[in-house]
């Protein structure tokens, strides 16, 4: 398949229900207009935020308008999601993302890729979500260990006016490492690129599609430099024979894939400005940031077996910028024209929002400054919010020190009142507090592993009551509670079951004789700590350079 670019491209891929058979093939010398719309990393944001940004109601209005435009021009349209529908907004989490899947039905999604956060719950919850969805959830590289069979549909087929489109779903094989090990006892995540090659070759022999799209949840890493993460879209595109994939529509890294130059994304993409997707080995690669902040739109022309991208854009969904006024005050204004909320979507989602808010808008405490939990911070440096979480865990477990993955801190808490919703946004996974007693010599070995997890990954460790120097291989100058580590003394470590079972590649400690799973949910532990110690002084939890990296 030959591609030529007029502007730029994208589409977050995944696939739809299997077609019973292909209709009449495309006609020679006839041009077919095909539009791919896409989103990814929705993470429970079915409702607009407090500033009136994004949300499925405005998304539906936009998508409906585009559908009308495309239909009027005689074209065809697919709407795809790159996965991670689950986890991030308490109103959604408490209802197992039912409002999100039902809302996606109403928007008219054709298919979605399965993301790693679809496994934040037991498989039974994901199976229920499949029932709620009127579109298929796809992944070609997730297998059941006991049967060696795929757990989900690997691809879906679409016939768009005789143009045959296959969409393959792929999930990061990091899922087994970054997800809850308790849920993966009979599940394995195989290498996506290997499975993609097999499926493409199968499709070429059997279905003979004109266009093949990989809907992936693997991440986009500039120039294929994925660090401690599993290889992503760029690496896969380079590893496959040229022409195997026409497009990769991705997610997971939660980036607007808008290239500034070859192999380098724009560092700070401004909503509403031009966006050029990546291209590797003849394959277009796209991603639409996160949370439904954008709908990606790729407009193609297909003629005589050639697919040409004529335009691409990321369309902001009511995103706003903060501007300072002459009187010293500030206001938020839209980057682009406001999109009205669809009444039918509001009617569907309002009961879910009300049910969730009734449980969540309860004040549990207050804080006099921001508690930092932004993704751009907790995966790179020690933060005061992580210290607060760990302080709560230490107090409940009677521990000497505590450790957790930075990726487990999911949001910040602003100064002012703290609600139960705020707590659940920070810790949405429902992990349990665990502890284990270890000799100082064992502690040093443990810290040597976790302290050297790479920055810019969810595994990056957050610490409390620990000071040390990490050099990439080991640790030195280790102190617990400000005192030098005694190799013969017994210390109690508090952490979460996710890490204790080997999540994020941490040493497994669940086999230690002293290991105890308290059964206390992390968010509930944090909630009770805040209630007990409010008003909180944010400065008391501020890191003071205890963790040094060489």
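Cβ from N, Cα, C; glycine included.
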Q) Among 202, 254, 266, which residue does Swiss-Prot annotate as binding divalent metal cation 1 together with 41, 43, 84? A) 254
Q. Same divalent metal cation 2 site as 84, 116, 252 according to Swiss-Prot: which of 51, 217, 220?
A. 217
Q. Relative to the mean position of the Cβ atoms of 84, 116, 217, 252, the recorded divalent metal cation 2 site, which additional same-chain residues have Cβ within 8 Å?
A. 40, 41, 82, 83, 113, 115, 117, 118, 171, 172, 175, 218, 219, 251
Q. For residue 217 (divalent metal cation 2 binding site) and residue 499 (substrate binding site), what Cα-Cα distance in Å is obtained after rounding to a whole number?
A. 23
Q: Anything within 10 Å of residue 117 (site 'Transition state stabilizer')? Look among the binding-site residues 84, 377, 379, comparing CA atoms, and list what you find.
A: 84
Q) In Å, how long is the longest CA to CA span across 375, 376, 377, 378, 379, 498, 499, 500, 501, 502, 503, 504, which the record gives as the substrate binders? A) 26
